[in-house]
């Protein structure tokens, strides 16, 4: 305890230095100004704050480091409604006439026509699922789009978001309280609550907060956490990561260390992917030594978590354009910078399709690995496998949105992965775990299928982003990572990329349980004694403030890990049927 207090006090003493050093060279992010002094021993009245002294000390440290004020409220609270009645002029200028439409293609011909029209008009396709395709466009372009579509599609659409500028404005956390409104950048906020709990997950956080948070985790939990870098971005920012794991001092004989890589933020606007990676990291960190499952997984594997592979683009979404997708390196057209990092990998790269159109949202560059950050991660992964005595056995690439679990291949539906049966088996188990966690349904399919085969719809292909050069295919084929998945997180389109902050924790809980099940599946027979996901124990050990409203959600008591993957497609499609939990395993009785 004394050592921990010493570390915290050192951190507090170095607040000024730490915040300045957290800003990358060349960044326009302005560090938060010095906060007003807070007396360490002062405590609010019991009616206002019932936190224990140690909890108050912890929250005070976090407030001091990141300048979080208790007077700040959640951006969606009514107390700030007056300041959010109308987006600022710059938001109206950029997004004022933009809307999001949802189309319902009924045939392969409809899908092909929609994809072709989207390319001709340089439209932003947000998502493709078995039921719909979401497209962002300016209101004045709607007539042009409809003119390029067949009659069957001209009425087969509905408005999804008709106030995009307002939704974008509301998606940012509120600025700090009065007196610092002239500061650039956004500060993290907290909800009005008797307990501040874990402030970091109360809202989306900018890069200038994420990096110091990662340093803090590595400092406080040095026995099993290490902050590392997997590369440097085009603009010179570090691509930070957390490596979690406990290694033997001198293993005899030396065996390759099995590594599971979890990546978020490849596409800058997908904020929920970045928050989810940090949430999963925090749960694994905090529960090591308390949860037998987590302890075993950190002893048997290294877990490398990269919250944002695209730090330049992520910073740009906070500073300029909330809906920016690509990285920020220049292209042949000065006014169209950026490369799609999930189309820049060397395996089955098909950048010829977009080579002449750098303005495309899926522009793959002029050559494989033209995207700096993709190249950096690939070099790091190769170095780990070739020189660092490591084997990457699992890869989870988090994206948004549409709630899908995708497995290789992305480049072609005619190519069959050699481990298809195992990939589908585990993917079905992961989807079931999510449904048991929050009752949300995630579809399972091959990544090549933007719109997939189902019993209710024909097989149509509408997703222009499903192509070669994906990280998913590269890790699976080049590094022989047998269990590689891309997971598209919440939601199914009500908010799209602008998912409100109150969904950070529920989405994080879904993927945390996915990660536990993923790790146990890889352990195989070695996980026999870890045959229960004890949901009640998991909730009991939940760090303070994380559970909140989720405590009211009924959770099953446990089951066998191996059977979590024993799920058929028919079961996945019948989620609305009455189901009864079998207390002896991961199976349902109907």
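In case you wondered, yes, glycine gets a Cβ from its N, Cα and C as well.
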Query: Which residue of 399, 439, 477 does Swiss-Prot report at the same Zn(2+) site as 267, 270?
result: 399
- prompt: For which of the residue intervals 507-548, 549-590 does Swiss-Prot record region 'Disordered'?
  reply: 549-590
Task: Count, for each of the binding-site residues 267, 399, the other C-beta atoms lying within 10 angstroms of its own C-beta, and report the residue with the smallest count.
output: 399
Query: Between the binding-site residues 269, 270, 343, whose Cβ has more other Cβ atoms within 10 Å than any of the rest?
result: 343
Statement: Expressed in angstrom and rounded to a whole number, the substrate site built from 267, 268, 269, 270, 325, 342, 343, 400, 401 spans a maximum Cα-Cα distance of 17
- request: Round to the nearest Å and give the CA-to-CA distance linking residue 267 (substrate binding site) with residue 399 (Zn(2+) binding site).
  value: 7
Task: Take the C-alpha atoms of residue 401 (substrate binding site) and residue 270 (Zn(2+) binding site) and report the distance between them in angstrom, rounded.
output: 8
Task: Note the Cβ centroid of 267, 270, 399, the recorded Zn(2+) site, then list each other residue of that chain whose Cβ lies within 8 Å of it, in sequence.
output: 264, 265, 266, 268, 269, 273, 325, 342, 398, 400, 488, 497
Cβ neighbour count within 10 Å of residue 325 (substrate binding site): 24
